[in-house]
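Some notes on the structure that comes next.
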Amino acid sequence: MFAQFARFYAPFIFANVVVITLLSLKSQLFNMENKGRCSLFFTALMTDTKPFYVVPVAKIMGVFLGSSAALKVLPQTDLQVLEEEGVGIPVIILLYLLSIGIVWVLTMALAISIFCFESTVHRIFLKIVLKPVAGTATTYDWLLKGFKKFPSFVAILLISLSISTCGGLSLCLGLIFYFLKLSQMAQDVVENIVMNIIKLIARRFKIRPQVQERIQHFMSRSIQSNRQNVTNTANSSTSQEVETNRLNEATDNALNNTEENALPSESSDSLFSSLGELIENTELYFHFTVFCLWFLVTCINIPTVLTWAHNFKYSTKLETDPSFIPGIVLCTCALTLWQFDYPIIEKKWYKQLGYTVYFLSVLSFMFGIISIYRLNYALTAIIALITLH
């Protein structure tokens, strides 16, 4: 039963994965407009990817387009084709829910790999890409440092590669370089968090020797004073009680001094708030989502890369290249995405951009469940809009 279900309906899952990723991006854009920061991808995935956000809207728009003159211009929606084949709304919703779990697993694996498998991807990038070009290890290190410092040069090389060979090949190489850039950003964030934690611990333990010295000095003075009072037999019991009260007050003052010398709570709160700001890294979260979009475009164009590799012995350039436009557009967007700081929170119209992403996600759900090639241009357009914004 399950095998038959997977056999017939597994090809429809990819479009649902694309739609869920776009809805998460829409949530992040709304958050940047309302709160001035980009939310975590998994937070957006939990809050704004419910099935009723897209399935009823796509159904209503499909009915409207089917009963209007727009049907003469637009092709028949994939939802209508599925209904004609006997696939109802319950099956579509079930596929959507399964796709949410798939997105969770894939993005969680991607997040773990960014933090843990940088060296592995680094070696792959060395063996496949830079080692045949660089030759020696010194030249390779020099090229890698130059690429990390000026990533726009990498984008220019990828654009020329798209023109001379195949757009899908430039997308694959750009995906590897984007992963290295993401891992470097994640490494910087982790280093900042660790340094702030060390500062917090150092501030807490730095004052302890000073407090102990003051307590020891006060106790020695108290002991000497007590010895003098004991040797003085002329003092009455009343004076001894007064002296005892004085010592108790002095002890209380010492304890108060200890509390005053301790780390103020405000400084601790400020350190913890700074740690929270580092964890809520807008740039890393934003590029993580854009990387997911790049990854989806690359997955769509993998058959084109395989075709180019099969025909490479006849020609280095693929004549009929459906990945040419996505390759050129995404590599051109990488000129600014990789070189400059994105996103710019001070900019406006993030909510309007989010509505545009939501509209394109609904269209992708309507027209891309069966015709996956249409998702290629929808994702490319969204990355281009993000870059232009």
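Each Cβ is built from the backbone N, Cα and C atoms, and glycine gets one as well.
Listed features, source TrEMBL:
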| type | residues | note |
| --- | --- | --- |
| TRANSMEM | 6-25 | transmembrane segment |
| TRANSMEM | 52-71 | transmembrane segment |
| TRANSMEM | 91-117 | transmembrane segment |
| TRANSMEM | 124-143 | transmembrane segment |
| TRANSMEM | 155-180 | transmembrane segment |
| TRANSMEM | 284-304 | transmembrane segment |
| TRANSMEM | 324-345 | transmembrane segment |
| TRANSMEM | 357-386 | transmembrane segment |
When counting Cβ pairs under 8 Å to the transmembrane segment (324-345), the leader among 6-25, 91-117, 155-180, 357-386: 155-180
Going along the chain, which residues at least six beyond the ends of the transmembrane segment (6-25) come within the CB cut-off of under 8 Å? 41, 44-45, 48-49, 53-54, 78, 82, 87, 91, 95-96, 98-100, 102-103, 106, 289, 292-293, 296, 299, 354, 357-358, 360-361, 364-365, 368-370, 372, 375, 378-379, 382
